[in-house]
């Protein structure tokens, strides 16, 4: 937990670059990686060339990539120029892959050996790799340019020196370097404890990804869910300046403005009724708000089931039905509560009738919320859209527009 | 990707238990684990004792645990009784730990050796372990009952046969068996590619957790975020029946009802004004809705930064200020749009003035949304509450109550 304190101190320091360099060598990378992106950039800008070189110098190529990926192009090239050629080339190659792809996740801790190689020669090869890099490699076995698999842990210690790699090789999953990180995650879901080989277009091995490399991806995905859900651009960070925040969010707000005006238009239809019974305006946020809440609940449950592959539009009838029924039941509970309160506090003129209108509207709107809360994500998923991003808009539109329509329509019919 | 199809087929089958057993042996576990929990329980109930035994028989103890953890107690004991005693004891021990704790995550693929043990004796030990279990173990090194660390990958192949374990041991992180899974995750965040030792209260090694075991936890956390955010009970599944759904959600809806009534009370203060200018009711959902959207955006960004440890109440002044400023700017953009539209479509009686009131209210409400959207999660985090769960309530209350107050108050002052 030491680095946790370290990165917080660096983030709060008046000179974060100096604070990073004051950190013990072995904690620097972990502290740096946990800094918010805007502070990482500040640090990289502020570090002198010598300090940045000292920082990057001790790191493995994939670690150096994760630092330099945030640096501007000039800084990056100056540093690479001053490292020894072999390392600089490795880092440069890793930097060339999209950060959100298999290539961007992989490291270079692997050797490839041919299937007919004897175990003692492989051990020698691995020994050289380890003394050069300080890392123990994954041992991929290839034949005629195709990957056969990898040697399981412990093979070198267990096998006879003149056995061949072929006798021990076990298949490993592989992905192409340009596959998205979420695809890589899907591969790990099926093969928890293995390494995944990253292949070039011609089938040769470019790198290796371990489960630990994926933890960061899954955490990003976790954060992204809430971001998508609220329409915030993925790259935004809490410490960004106001203008970055505005840019990251205004599109979503404008889209929602459309929804809001649609709801407003429905209310506008009942202007005369509201002028006569102004208390209706007070209950409008109650009916619409509860519908919105219930709808996003149904949506959250459905979106999660879709993302875990547990349900699709084809198998979703049961989900939609259960959500609609659950909505109606919750509507009856909430509706009864609201009806009693409304009856108690409203003027003698409407009393019980107003309570009944609010209560019945609540049942209807929560049923609507459950139905659309389940249906819309399933449909969006079916047509290839991301259900987490766009579903809220449609669901809120449904609960607002239909909610106001039912409530004000019923009020006009019953109370006037 | 074969298992992905398999688990979907099982989930949709009329007899899911038979469909699971029809699945090839090696795909069964992966398919089972990806089924929604209610279907897993249905399958376990429907499987005959012999089939369940056949399913569990081929599995490692930690895999068997993950199957039997969903079975009822009687089934569980019947199956354990029919397995050989050593395996049954291991599975039983693993089942005794809380599923969300380090003990519930760990597996038993480890050996412990004393620091003075020579490499060739360790190799022999590992060979026996592997031939018995089919798995290569993590090799923990202990001295006087305390864990010193583990042997890095490849040590057995690289070291001389009469070297001692002590010469190669490297420290590994450890956690107590009763620590929560989120704590284990925090340990991995600092030590991406290592194994974590799980210790008993007396410091002896109980098991080992690898990064791959954590992927499921992180995915659960990801799903939970959206659940917390919308007030759905963590255990709810899309395929649950209506009554389970009602139970999982009604508390949240009732809490929100309180918020809604608070907003309604504010609107009630302006009943006379609304009776005179009923068109105000149409703009109410616009002002409140946009405030709610902007507030949850600010909240999503702040909650994510808190969960990544990037910001706390002590260091959050910059976040709150930036959010408030960003809110005001977005308010000006949206406000100008709304003002133009409101002026264009409203009756000649109010025209420009109504537009101005709506526009100014939008600026005020989005500033309020940004301010509270950042402040509230930081305060909740400071007082030890989960910001994702409770923040929305407070933020919606702030944007609804203050939003209506500003809008209707301004309208009453300017338009009457």
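Cβ coordinates come from backbone N, Cα and C, glycine included.
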Per TrEMBL, the range holding transmembrane segment, considering A:224-247, A:392-415: A:392-415
In contact by Cβ distance (the transmembrane segment (A:392-415), the transmembrane segment (A:250-270); 3 or more pairs under 8 Å): yes
Contact set, same chain, for the transmembrane segment (A:392-415): CB under 8 Å, 6 or more residues outside the stretch: 229, 231, 255-256, 259-260, 262-263, 266-267, 269-270, 273-274, 277, 280, 283-284, 287-288, 291-292, 294-296, 299, 350, 353-354, 356-358, 360-361, 364-365, 368-369, 372-373, 376, 380
For the transmembrane segment (A:324-346), distant same-chain residues with Cβ under 8 A (at least six beyond the ends): 279, 283, 286, 290, 294, 298, 352, 354-356, 358-371, 373-374
Long-range Cβ neighbours of the transmembrane segment (A:282-303) (under 8 Å; 6 or more residues past either end): 263, 267, 311, 316, 319, 323, 326-327, 330-331, 334, 338, 342, 354, 358, 361-362, 365-366, 368-370, 372-374, 376-378, 387-388, 391-392, 395-396, 398-400, 403-404, 406-408
The domain 'CBS' (A:168-226): DSSP-derived helix, strand, coil residue counts: 26 helix, 14 strand, 19 coil
